[in-house]
Structures are given as C-alpha cells and as structure tokens.
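These notes concern the structure reproduced below.
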Amino acid sequence: MKAVHFGAGNIGRGFIGLLLHEAGYELVFADVAAPLIDALAASESYTVHEVGAGARDHVVTGYSALNSATDEGAVRAAIADADVVTTAVGPTILRFIAPHIVAALEARDAARGPLVVMACENAINATDLLRDEMSNLVPTGEWEALASRAVFANTAVDRIVPGQSADAGLDVTVETFSEWAIESGSFGSDVPEIPGAHFVDDLAPYIERKLFTVNTGHATVAYAGFLAGHERISDALADPAVAEIVETALRETSALLVAKHEFDPAVQDAYRETILERFANTALPDTVDRVGRQPLRKLSRHERFIGPAAELAERGLPTAGLLAAIAAAVRFDVPADEQSVELKRLRTELSPERFAAEVCGIDASHPLFDPLVAALA
Ligand SMILES: NC(=O)c1ccc[n+]([C@@H]2O[C@H](COP(=O)([O-])OP(=O)(O)OC[C@H]3O[C@@H](n4cnc5c(N)ncnc54)[C@H](O)[C@@H]3O)[C@@H](O)[C@H]2O)c1
Ligand SMILES: O=P(O)(O)OC[C@@H](O)[C@@H](O)[C@H](O)[C@H](O)CO
C-alpha cells in the first residue's frame, strides 16, 4: 500500500504521516519547503515525541520525500500509483494541491482501484473544497469520469502539534491525545485500514464539535492571551481573566452543539473539560502566535467564531463570550503574520459595518450584525 501526503509540517509528520506509517503504508511526503524535503530525503527516520501523562515515543521509518514545486512529474507519478493521498497544508493551499491530483488521476491506470483522497485540515468539509478545486480544472463533461477514479472522504483531525524548536531537526513534539475521524459513506465496503483513525457515518457533528470547541477555545486563549501579554498558551489559560472569556465562549458553543447535534450535555461538558486540560499542558511549548495565526481566515463566515456565533444568534441564544473573543481577535498584532498585518490595514480602512460584511460575511439583515459591529468598534 502506498500513500502520498502533502505538507510535511507539524501535523503532517507528527500525526497523519505517523498513522499512515503505522498502518503499513509506504509513505511519500510532498512539500514545497526545499530544506525540509531535502532533510527528509536524506534521513532514514524521525521520532514523534509525545509529552504529558502516558507519553511515548514513536519512530517513523521507510518514507521518501519529493519537492512538489520542483519535481511535479515525480509527485504526480507517485500519486498515480498510490492508494491514498492526504493533505495537511492549510485550507487556503488546497487549490495548489488540486492540479497534482487531477494530473495523477488522468495518468492513472484505469484498472487500478480508486485513489482515496482525504484533506486533513481545520475546516468544515475540507475534502469537498479540494474536490471543488479539482473539478474547476477539468473541462465540463469530463469531471464525472475522472472523479470516478477517486473516493473523496471528509475528515476531522485533532492533535495539538506546536511549532518545533530550531534544533529539533525532523523530530516532532506532540501531545498524547489524538483523534482522526473519517466519513465512511463514500467507501462502500472497501474502507481503508488505518488503525488510530475511526470511521463515522456522518462527519458533521464531529467536525463541528471539534472546530467549535477545540479550535474556538484555542483561538480564544490565543487572542485574549495575546492582549494580556502572554506568549505560551498554557500561561495564557492560567490567567483567570483569559480563562473566564474562554469558559464563556465555550459554554456558548456547547449550547449550540447540544441543541443542533443532540450531544448529551454531560458528555459535551466532559469533552470541554478535557480540551481545557489539553490547552493547560505545560509540557507542550505552544504559543499564542501559532494558535492565533491567520486571523482573517479564523474570522471568516464558516470558521470557529462567526460560524457558531451566527447560528447562536439565529436561535436567540447568548453570544457575549464569542463576541469578546472576536473583539480580542481583531486586535491580534503580529508583524510576522501576513494576515495580522492585513487585518490591521483593514481595520483602519473599513468601518465596523463593512468589516462585518466583507471579512466576517455578516450583513445588516443578520441577527448577529448589530452585536458584531459593536464588538468590532
Ligand atoms: N498543528 C496542529 O496542531 C494541527 C492540528 C490539526 C489540524 N491542523 C491543520 O493541519 C494543517 C497544517 O497545519 P500545520 O500545523 O501542520 O502547519 P505547518 O505550517 O507546520 O505545515 C504545513 C506544511 O505545508 C507545506 N506547504 C505549504 N504550501 C504547500 C504546497 N503548495 N504544497 C505542498 N506543501 C505545502 C508547508 O511548507 C508546511 O511544511 C492546517 O490546516 C491546520 O489547521 C493542525
Ligand atoms: O491550525 P489552525 O490555524 O486552524 O488553528 C490553530 C490551532 O488551534 C490548531 O492547529 C490546533 O492545535 C489543532 O486543531 C488541534 O487539533
């Protein structure tokens, strides 16, 4: 069995690559970062170091590495001959991955079984986004035939993998917790064997619970923590003023998840508590800069703040905690982060009303509009 994984970064090496390796796949990493790909190609193994209670080390071996910017022929040949292709590159990068998979499907031997395509990103239905980017590249009338050579499955990926220290080499430090949920519907009876992943009939409750609890909470710690002057996530959460905003925001998203997906309230409370314990892990060197990265993406319509706040407002439920988090998010000022710089510019150029409409996708007809505009002012 062969898998090609795009994005040999933190979650790529620290989780998806590890699980595919442990599942017995011959693994090819593809990335555009030349030093990273050169180092992987020259290495025989790297180690995933877990930190926290029950931590273990895992050694990943037997992989190869290709530069998808300079060696696209080899990357496409590898995908054409693979069973599985996965991504962990960021949702906005999927459009750059799409041409490789389209070309590989065109070159694929028709007798070969279908290629399993799974985007492992923090976004709702990221694999559907990737499939849409692919279909946009194919002439009308030809997509159905090409798409029949692949199976597309949405996934939800959860493991905190912080930025790695400069002297770590290829090794990755991760938390012990992990969850990879994969929607099973498109596989029929031919579900891939990936121990460590679990297959679910309907991914929507899983991905929304993950994005609107783990990622809403995480981003709230990051933005409120940044404003309070903290660098590390664990320090930020230890600040009672930050913790209070996080608790309020997560009580609100929990109310939505329970109402919408009928989660047992006690189970959701326990899930939320586990997540706060994960953020508080002092052995995990995670930072507000990493967790708050790309604030414009995080403030967009279907993301971790506006997504749940809009649905809560539509149901007449409280949103004060999420709005406090949004008010902190728009003040995230990290010069090394391109979107933070762009956010700063937009805040000087756009009125709160235009910011709500153009960045957050909420216009005056929506019940969230007035409170959102007040939070943005
Ligand atoms: N780190 C985490 O804790 C975590 C957990 C769950 C999900 N995720 C999601 O996984 C994705 C990746 O996050 P990360 O933390 O690993 O980021 P990262 O920056 O560590 O890794 C991303 C990798 O993608 C590569 N890349 C960028 N453009 C590319 C292209 N055109 N082709 C191939 N490779 C390209 C980068 O060079 C980098 O190595 C994001 O969607 C993130 O939300 C991250
Ligand atoms: O990756 P992002 O930028 O969407 O979000 C930052 C973190 O919240 C995220 O990477 C978490 O660590 C991860 O989603 C945990 O599973």
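Easy rule for this one: first residue shown is 1, then count along the chain.
A Cβ is built for glycine as well, from the same backbone N, Cα and C atoms used for every other residue.
These features come from TrEMBL:
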{"type": "BINDING", "residues": "Ala3, Val4, His5, Phe6, Gly7, Ala8, Gly9, Asn10, Ile11, Gly12, Arg13, Gly14", "note": "NAD(+) binding site"}
{"type": "DOMAIN", "residues": "1-194", "note": "domain 'Mannitol dehydrogenase N-terminal'"}
{"type": "DOMAIN", "residues": "202-343", "note": "domain 'Mannitol dehydrogenase C-terminal'"}
Helix, strand, coil residue numbers for the domain 'Mannitol dehydrogenase C-terminal' (202-343) per DSSP?
99 helix, 2 strand, 41 coil
Between Ala3, Ile11, which of the binding-site residues has the fewest other CB atoms within 10 angstroms in the structure shown?
Ile11
So if I measure Cβ to Cβ from Gly9 (NAD(+) binding site) and keep only same-chain residues at least 6 apart in sequence, which ones fall under 8 Å?
Asp31, Ala33, Leu36, Ala88, Val89
Where the C-beta lies under 6 angstroms from ligand 1, the matching binding-site residues among Ala3, His5, Ile11, Arg13:
Ile11
What average pLDDT does the predicted model assign to the domain 'Mannitol dehydrogenase N-terminal' (1-194)?
97
Can you tell me how many other Cβ atoms are located within 10 Å of the Cβ belonging to Arg13 (NAD(+) binding site)?
28
Same chain, 6+ residues apart, C-beta under 8 Å of the C-beta of Gly7 (NAD(+) binding site), given in sequence order:
Ala30, Asp31, Thr87, Ala88, Val89, Gly90, Ile93
Which ones in the same chain are close to His5 (NAD(+) binding site), with CB under 8 Å and 6+ residues apart in sequence?
Gly12, Ile16, Gly17, Leu20, Leu27, Val28, Phe29, Ala30, Val85, Thr86, Thr87, Ala88
